[in-house]
Structure formats: structure tokens, C-alpha cells
Amino acid sequence: MTDLILHLLEVSFWSGIAAVGFGILFNVPRKTIISIFILGFLAGLIKFSLLHFEHHIALASLAAASFVGWISIPIAHKIHHPPVVFSIPTMIPMIPGYFAYETILSIMNFVFIETDPQKRLLLIDAIFSHGFKMIYVLIGLTFGVALPLLVMNKGSIKQLR
């Protein structure tokens, strides 16, 4: 049990560090860095906890993205920066690069290398399984972040003038 908690804290810590890295890359204001780290840490904790309990990666990513979407709004009002400043750097580390890589690798093997019909069928299976997994994770991340921002959108005074 202790090993599980330490593992979840470790991967969550690195999720927070990755979120801060993307925040710095996007030149976010300095006073938002700690909030981005905390959001990245908590999003990683949610995602990897759900993955540990054998939930699908798309559902785990949706839950983490929804958490970030809903929490970034009150943080944005408190720190006086747009919610996108907090949500986007936090979501980028959750993009399913592994599944995209495996999809492209399977496509390249199917098109250029493999000639055995049996192995080509396995490659088709890999293309679709990794490809759809990647697409569902991306859809989950998109809806998880976008819906709270659209539902809770408050007009500012600047927009009323």
C-alpha cells in the first residue's frame, strides 16, 4: 500500500513538473506557476489513481481534465488571470503521445515493411486499437477542459463596454 501511494505521488509530482515546464514554455505569469504545479499534480493524481484501479485511460483523462476545467475557473478569478493560463499547460502532459506513436509506427509497418498477411492483420488491429484509444483520450481532454470553461463563462466588464 505504501509503495502504491509513493508511486502515485511520484508520477503526480512529475505531472506537475511537466505542467510547469509547459507553462514556462508558454510564458505564463510567474505568480501562476505554483497554481499550475498544483493543478498538474492533482490532475496526475486523479488520472494515475484511476488507471491503477483499472479504469480506461480515456475515462481517467476525462476525469482529470474535468477536474482541471472546473478548478481552473475559481483559481483564475482569485489570481486574476484567464482560466486558459491554468488549464492548458496542465493538459498538455496528458496528451497520449504513446498511442499516437504506436499508431503511426503500425501504419508505417503496414504500408512499407510487412508483407505477411497474418502480420498485416495484427498491424491493422494495432492501428485501430491505438488510434481509437488516442482519439478518445483527446476527446476526453477536450471536453473535460472546454465544457466547464463554456458553462461557467462570465462576461467581464471590458466586454460590456
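Placement of Cβ uses the backbone N, Cα and C atoms for every residue, glycine included.
Not measured: the values here are computed from a predicted model.
Annotation comment: TrEMBL describes 13-150 as domain 'Threonine/Serine exporter ThrE'.
Here the transmembrane segment (6-26) has long-range neighbours at 32-33, 36-45, 47-49, 52, 85, 88-90, 92-94, meaning same-chain residues at least 6 beyond its ends whose C-beta is under 8 angstroms from one of its own. Sequence annotations record features per position, and here TrEMBL assigns transmembrane segment to 6-26 (among others).
Same-chain neighbours of the transmembrane segment (33-51): 8-9, 11-20, 23-24, 57, 59-61, 63-65, 67-68, 71-72, 75, 79, 85-87, 89-91, 93-94, counting only residues six or more beyond its ends whose CB sits under 8 Å from a CB of the stretch. Per TrEMBL, transmembrane segment is recorded for 33-51 (among others).
Look at TrEMBL and you will find 57-76 (among others) tagged as transmembrane segment. Through the fold, the transmembrane segment (57-76) approaches residues 35, 39, 42-44, 46-48, 50-51, 82-83, 85-87, 90-91, 94, 96, 133, 136-137, 139-149, 152 of its own chain, all at least 6 residues removed from its boundaries and within a Cβ separation under 8 Å.
TrEMBL lists 88-113 (among others) with the feature transmembrane segment.
Positions annotated as transmembrane segment by TrEMBL: 133-152 (among others). Distant neighbours of the transmembrane segment (133-152): 57-59, 61-70, 72-73, 83-84, 87-88, 91, 94-96, 99-100, 103; these residues of the same chain sit at least 6 beyond its ends, with a Cβ under 8 Å from one of its Cβ atoms.
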